[in-house]
C-alpha cells in the first residue's frame with residue numbers, strides 16, 4: 001500500500017531527497033541532491049515509536065563479527081567532491097564501511113548496511129555530512145590552534161614549527177630530528193591528524209634527508225631561511241628519493257632570482273606552492289604565473305580570501321609582525337609593501353573560482369586564521385557566484401553542485417592528494433578513515449554540529465551538563481569522550497614518511513596513535529587536483545600588476561558585506 005506526502009513534509013521527517021536543494025548557511029549557494037541511496041518508505045529512523053528497534057529496523061540476531069557496523073549516520077546529505085547524495089553512512093573500526101541503505105534486511109528492502117546489536121546511531125535527517133578538512137599550511141605556534149581548528153571542521157593539520165619561536169612565527173618548519181621527535185610526542189595528546197614539514201634549506205642531501213627519516217612527511221622552503229635555487233634543487237632531490245612533498249614560499253625580494261629562476265630550479269618536478277597570489281609571500285609581483293605549470297600544485301591562504309574592503313588595510317601590520325620586520329627601517333616597510341598588491345589580490349578569488357588555484361589553507365597565526373579555512377573558502381564561493389554568476393556546468397541545473405564540489409575539494413581531497421595522504425583521508429568514500437563533520441544547513445561552513453575522528457565523536461555543540469536534557473543554553477563546543485584518554489590514539493592519525501616507519505620511529509618514540517605513511521607524491525601533476533586542475537596561460541603585468549588568464553584580464557570587486565559573518569558571530 002503506497003502513501004503520498006508533500007516534499008516539504010517528507011523533508012521534515014526524513015530529510016530532503018533527490019531533486020531537492022539545500023541552501024548553504026546564508027550564502028547564495030544551493031546544493032541539489034543528485035541521488036538518494038535510501039528507499040522511500042523504508043527509511044531507518046531512530047527514536048521512540050520509530051523504525052530502528054529490535055526486530056524492526058534493527059536485526060537483533062547478528063553480532064558485530066557478522067558485517068555489522070559500529071555506527072550508522074542515518075538519512076544524511078553527503079557533500080563531497082565526488083558528488084552530492086543522500087544516504088546512510090556506516091562506520092566500522094574507525095573507517096567508512098559503507099555508504100548506502102541501512103536497516104534490517106529481514107523486514108526491509110534494499111538494505112546493504114545491517115543495523116545490529118553492536119550499532120550506534122546518529123540521526124542525520126536534515127543535516128549535511130562532509131569529510132573533515134585538511135589545513136596544509138600550519139605554523140605550530142600555539143597548541144590552542146588545534147581545538148580552534150577542530151571546531152571549525154578541520155581534522156588534519158600539516159605544517160611545521162616548535163612553538164612561539166621567531167622562526168616558527170614566520171616559517172612552517174620543524175627543523176631536525178630532535179625537534180621533529182618532540183613535536184610527534186606532543187601530538188599524542190590531541191584528537192587531530194598531523195604531518196610535519198622539515199627544513200628545506202641546505203646544500204647537503206643527507207643533512208636534509210635525516211629529517212624525513214626522523215618523521216617529517218615533507219620539506220618546507222621559506223624565503224626567511226633563503227628560498228635559493230640551491231635549496232629548491234636540494235629539497236626536490238630529497239623529495240624524489242623519499243617520495244615526500246616540498247612546499248615553497250618563494251623569494252619576494254627576488255634576491256636569489258626571479259620567478260623564471262625558481263621555475264628553472266624546480267625543473268618540472270612536482271611542488272606545492274603556498275599563498276600563490278603573493279600577499280603571504282613570493283616573487284613580487286608575478287608568483288601567480290607559476291600556477292599555469294602542470295607540475296605546480298597552487299594554494300591560497302585565507303587572509304586574502306575573499307577580497308573585501310578591509311583586506312588591503314589589515315595586511316601591512318600583519319606582515320610586519322609575522323616576518324620579524326622593523327617598522328622603523330624603510331627597507332623593511334618597502335619589503336612589506338611589495339607584497340600587498342590590490343590587482344593580484346583581486347584576481348585571486350577568480351583564479352580559485354576557475355579551478356586554476358587548487359587549494360585553500362590558513363597560514364595559522366602567521367598571516368592566517370586557523371579557524372576560518374572552511375568559512376572563508378565558502379565565502380569566496382558565494383562572492384564569485386554573486387559576481388560571476390553560475391558556472392557553465394551549473395547552468396540550468398537548479399543548483400550550484402559543480403561550484404560546491406570544486407570548493408569543497410580545495411580543503412579536503414586536494415591537500416590530501418598533494419601530501420600523499422588521500423588513501424586515508426580527504427573524502428567521504430568507503431574504506432577511508434572516518435573523519436566526518438556533521439552540519440545543520442543553516443550553520444554549514446560556520447559552526448559544525450558534531451565532529452567525528454576515526455568514527456568517534458570528539459567535539460560538538462552541547463548544552464548545560466547539569467540540565468535534564470542535552471539542549472538547554474548555554475550551548476557551546478565541548479569535548480566528547482573520543483577526545484579523552486587512550487581513545488585519542490584510536491581516533492587520530494600521525495602521518496610519517498615511509499622511511500621513518502621503516503626506521504622504527506613509532507616504536508622508538510612510543511607513539512600510540514594510528515600511523516599511516518605518505519605516498520605516491522612524486523608522480524603527481526596538477527591534473528590530480530580534483531576539479532581544480534586548470535592550467536591556462538597566466539601573465540602578470542610588471543608595471544600595472546594586472547593579471548591575465550589566456551589574455552583576458554581577471555579581477556573582482558571587494559565585498560562590503562559577507563555571508564557567514566556577523567549573523568553568526570558576536571565578535
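Keep in mind that glycine also has a Cβ here, set from the backbone N, Cα and C atoms.
Worth saying up front: this structure is predicted, and the values here are computed from it rather than measured.
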From the candidates 199, 220, 432, give the one listed by Swiss-Prot for the same Ni(2+) 1 site as 137, 139, 363. 220
Binding-site residues 137, 139, 220, 222, 363: which have a Cα within 10 Å of residue 249 (Ni(2+) 2 binding site)? 220, 222
Which one is it: of the recorded positions 139, 220, 222, 323, 363, whose Cα lies the shortest distance from the Cα of residue 275 (Ni(2+) 2 binding site)? 363
So which other residues, same chain and not among 220, 249, 275, have a Cβ within 8 Å of the centroid of the Cβ atoms at the Ni(2+) 2 site? 137, 171, 172, 221, 222, 247, 248, 250, 273, 274, 280, 281, 282, 363
For the Ni(2+) 1 site (137, 139, 220, 363), what does the 8 A shell look like? I mean other same-chain residues with CB within 8 A of the CB centroid. 138, 159, 160, 171, 172, 247, 249, 274, 301, 361, 362, 364, 366, 368
137, 249, 275: which of these binding-site residues has the highest Cβ count within 10 Å of its own Cβ? 137
